[in-house]
Amino acid sequence: MRKDAQSAMNKELNKLLNTAPAGISQRARAEFDGFENLFGRFLRETGSSADWEKLKLLPNDAIKQYKHLETPAASDFKSLLSQLVVIKLNGGLGTSMGCTGPKSAIQVRNELTFLDLNVQQIEHLNKVYGVDVPLVLMNSFNTDEDTQKILRKYSQIKVSIFTFNQSRYPRVNRDTLMPIPRSFTEESLEGWYPPGHGDVYYSFYNSGLLDQFIQQGKKYVFISNIDNMGATVDLNILNFLVNSPESQAPEFLMEVTDKTRADVKGGTLVEQEGKLRLLEYAQVPSDKVDEFKSVSKFKIFNTNNLWISMQAIKRNVEEKTLHMEIIVNPKTLDNGMNVIQLETAVGAAIKSFDRAIGINVPRSRFLPVKTTSDLLIVMSNLYAMRTGSLEMSPKRSFPTVPLVKLGHQFSKVKDFLYRFASIPDILELDHLTVSGDVNFGKNVSLRGTVIIIANHGEKIDIPMGSILENKIVSGNLRILDH
């Protein structure tokens, strides 16, 4: 059956290739080769790919502590930065936050978008140290056209910006295991998907940029999600990589940070057959999920900030030695059809690199914006902005980020902005839960633990200038202009 499915898929893909426009047929062929390889593995590999019995907890010295890294001399900054390339993963849309177009175009602070802030960070490095660190965006077919239009506004800025596209793979019918799209035209758009950020290695290589940067003397690439506001270029980490003796220099460095109860589903590092391996929540057998979520057993999680040797990426791609576990992502299309997407995660390749290492970094290097609850935190007075980077206010008496849970009435950016007349003061907030039809007046202060619940049919207006400290608010509260 596996052989039949593989050969039927091959026939369908060849038919599909015949519909590719002349300009992209060569690229589509290379992408389909990658997809067929993934599909073949999917047919051969069954069940959860984590063999729990073979996994070992990491010894204490396997993860290096950030605080033990040396700070380089200022005179070395220029030579360190001249060996670096920065890749931001920019394939995602803003649909989960109710926005159209690339997620990186959502405004985060002072009308600046994720993309604006990332460009500012690199521009600052380039100006201050007299270097030219390239900013590279990995787009998807969903985000590329809009991103190219946005990039025009940076033409006068001192940043070399490059883009390449991740692959475009066909969704697979869950029942027949056949590809969904019938052609490369707009009508078949719903049949395609970008296959997760694990595709970065092949797409970066196929774009020609990897070779171009290696020829320019660049050594390491720093890869991170464009929506992680904490993922800035760190000279201590770069110095550690560049100045380690060649026989000890890590080819792959993963930034991890301490797990809290909010991160129990985050992927963690374990040891398998003498190699570091990323263990994702989706790969955990169902009877081991509680064990995986234990903060005392699995103490750290992956921030998806990765530093990787470019020569090692080139070797792995050319020698076909990259191995990443397959993530099977089930979806239902608008017409009700059940499909699967075969995806991979960039961090899962850690076991394919020599001398891979995890480094436990401060929590401040993990500040993702996945929801409007996260957006409230980064828009608030909890952070100050400096040259595109967010820094926690020194007025916060303890360095933890508050836990914020906004109900579904706030899930779209437009509704979120409508419900807050201004972003509340949360300098002293520990925990905020808001549920139901709730609106906030201007200059509200939230402190300690605040829970606001408007049940079905109720409405709560928090008055302008209110100070709520360790309060539960429920029932009806209307404030009307007259």
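Glycine is no exception: its Cβ is also placed from the backbone N, Cα and C atoms.
Curation does not apply to TrEMBL; its annotations are automatic.
Going by TrEMBL, these are the annotated features:
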| type | residues | note |
| --- | --- | --- |
| BINDING | LYS103, GLN166, GLY196, ASP227, LYS370 | UTP binding site |
| BINDING | HIS197 | substrate binding site |
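Across the structure, HIS197 (substrate binding site) and GLN166 (UTP binding site) are spaced 8 Å apart at their Cα atoms.
Shown in sequence order, GLY91, MET138, ASN139, SER140, PRO194, PRO195, HIS197, ASP199, VAL200, SER203 are the residues of the chain, 6+ apart in sequence, with a C-beta less than 8 angstroms from the C-beta of GLN166 (UTP binding site).
Of the listed binding-site residues LYS103, HIS197, LYS370, the Cβ environment within 10 Å is emptiest of other Cβ atoms at LYS370. Of all the Cβ atoms in the protein chains shown, 25 others lie within 10 Å of the Cβ of ASP227 (UTP binding site). Shown in sequence order, ILE327, GLU343, THR344, ALA345, VAL346 are the residues of the chain, 6+ apart in sequence, with a C-beta less than 8 angstroms from the C-beta of GLY196 (UTP binding site).
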